[in-house]
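*Asks:* Sharing a structure with you now.
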Amino acid sequence: MAQISESAAIPRRTANHHGNVWDDDLILSLDSPYGAPAYYERLAKLIEEMKHLLLREMEDSNHDLIRRLQIVDTLECLGIDRHFQHEIKTAALHYVYRCWNEKGIGMGSSDSGSKDLDATALGLRALRLHRYNVSSGVLENFQDENGKFFCNLTGDKRVRSMLSLLRASEISFPGEKVMQEAKAFTREYLTQVLAGSGDVTDVDQSLLREVKYALEFPWYCSAPRWEAKSFIEIYGQNQSWLKSNINQEVLELAKLDFSILQCIHQKEIQCITRWWRDSEIAQLNFYRRRHVELYFWAVTCIFEPEFSPSRIAFAKITTVGAVLDDLYDTHGTLDELKTITEAVRRWDLSLIDDLPNNIKIACQFFFNTANELAVEVVKKQGRDMTALLKATWQRYVESYLQEAEWIETRHVPSFNEYIKNALVSSGMCIVNLIPLLLLGQLLANNIVEQILSPSKIQELSELTIRLIDDIRDFEDEKERGEIASIVECYMKDNPDSTLENALNHIKGILHVSLEELNWEFMKDDSVPLCCKKFTFNIVRGLQFLYKYGDGISISNKEVKDQIFKILVDQIPIED
């Protein structure tokens, strides 16, 4: 294929991104047996059996508040709670909420005078995640006069209570001081336990595995499929837990559910791999080849089988976004980028006819994908939404052009000027639009407006994604000549600030933004929950991928292991 011969004389910057770390032939060879009808029939049978078992277990008079909450937590950790939402609410959470008061809840009956930290923390977390209105002030009942948290239990039960408190503290809203205190206290306490230097020794190994997971992957930077696979492994090694017949059946169901979903996800990544491999752009070596990593990001956001069109769209959009990012940041000249931007403004591909072939291929890749997805949206929503989609794409590329102009002139804008543009260039404007319109629900225009900019949840998701990315990448980008980052802009506005101070300030903004995003996600409004959950999980998924660095630009060992564990590695299931 023709490469860049006609533009070889033009000096071009390069980002020196590494190549594709995945063998496309390996991806295309994946073959899971769990797509067979017999496994779906077995899953449906297990779900129905489990519904009866759960109701009987949770409504048993000998198993009151704490047992109900433990069951809910187990189902959620294993990623199978979506099958039992009715049972969870009617047999567990409605009852727990009726027993809830400002003092907390006890282990036994609803009027128990002895309040329990484990039960209260489990209840706070579960009720908030299911949008019950409960105050974090209940945790103040478990603080001494010095603000330290206490637990009257000993041994593993004490560690379990502190673990529950840590996990509850992550579901925090702005201004909740007690939640911040709980998080700081429990992280320090559990870190000591894990190191063997705490006040509890000889801790159960399975419990230590749960502690390790909670410390390494807090709720706001975890991913549902990763959590499910991890807890299948944790519970599967806990022989005392497996002594219960209901736990054995729960684990069997979780394994089968994960395997069936993995089969679906494998077929989808094969679809994306063929789409990428068959495109002309796959033959060019100056654009990042991250279709596997970007599809994996989609799985971290939304994994349920019914949302396959949204996952496919998400992977295609973000892959196109990576190509545009490389084109605008490093490969294209400013004159070429102005021509491309004008072509997108007019939605007229003929305007790029005189550009070098390699750039035309990138533009054709963009237009073909954008037009293909627009057709899918029209079919799904039953009305023409191409004007909205085009306008959103146009805003997106215009923000890239602004950044390219800053690079060309070596201009560092003010912090506020940078943020205004960066919210758009984060890509959330388009990443959160098309997949959302393909979720399966018909969304009225007013609902779309509530979700998208200038809505609060959209603005916060744009901001957090930009902050996460810039905190990780600003040094690498500076080396490539991209000097306008949130860190550099802050230091320009605050010339006396050190790099450490600037990073701490920006991390503080990120922390507050994540708490505000929690609130926007949890609060009750007219936006369908699946839409808000998708928006929220885009941020969670990116934090998960950026846990060990920029997991998209640099597909390091940790990210590759994560992808392998979720998309490739099968769980052994006994027939």
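Cβ coordinates are placed from backbone N, Cα and C, and glycine is handled just like the others.
Annotated Mg(2+) 1 binding site per Swiss-Prot: Asp325, Asp329, in sequence order. Annotation source Swiss-Prot lists Mg(2+) 2 binding site at Asp325, Asp329, citing similarity to another entry. Per Swiss-Prot, the feature motif 'DDXXD motif' maps to 325-329; the stated evidence is similarity to another entry. What Swiss-Prot lists as Mg(2+) 3 binding site is Asp469, Glu477, and the listing cites similarity to another entry.
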*Asks:* May I ask for the distance between Asp469 (Mg(2+) 3 binding site) and Asp325 (Mg(2+) 1 binding site), taken between their Cα atoms and rounded to an integer number of Å?
*Replies:* 13
*Asks:* Please average pLDDT over the motif 'DDXXD motif' (325-329) for the predicted structure.
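*Replies:* When the pLDDT values over the motif 'DDXXD motif' (325-329) are averaged, the result is 93.
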*Asks:* Would you mind reading off the Cα separation of Glu477 (Mg(2+) 3 binding site) from Asp329 (Mg(2+) 1 binding site), to the nearest angstrom?
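*Replies:* Answer for this pair: 9 Å between alpha carbons.
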*Asks:* Counting by DSSP secondary structure, give me helix, strand and coil numbers for the motif 'DDXXD motif' (325-329).
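*Replies:* Computed counts for the motif 'DDXXD motif' (325-329) are 5 helix, 0 strand, 0 coil.
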*Asks:* Does Asp325 (Mg(2+) 1 binding site) have same-chain partners at least 6 apart in sequence with Cβ under 8 Å from its own Cβ, and which are they?
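*Replies:* Sequence-distant Cβ neighbours: Tyr400.
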*Asks:* With every protein chain in view, how many other Cβ atoms are within 10 Å of the Cβ of Asp329 (Mg(2+) 1 binding site)?
*Replies:* 19
*Asks:* What's the number of neighbouring CB atoms sitting within 10 A of the CB on Glu477 (Mg(2+) 3 binding site)?
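*Replies:* Total other Cβ atoms inside 10 Å, all chains included: 21.
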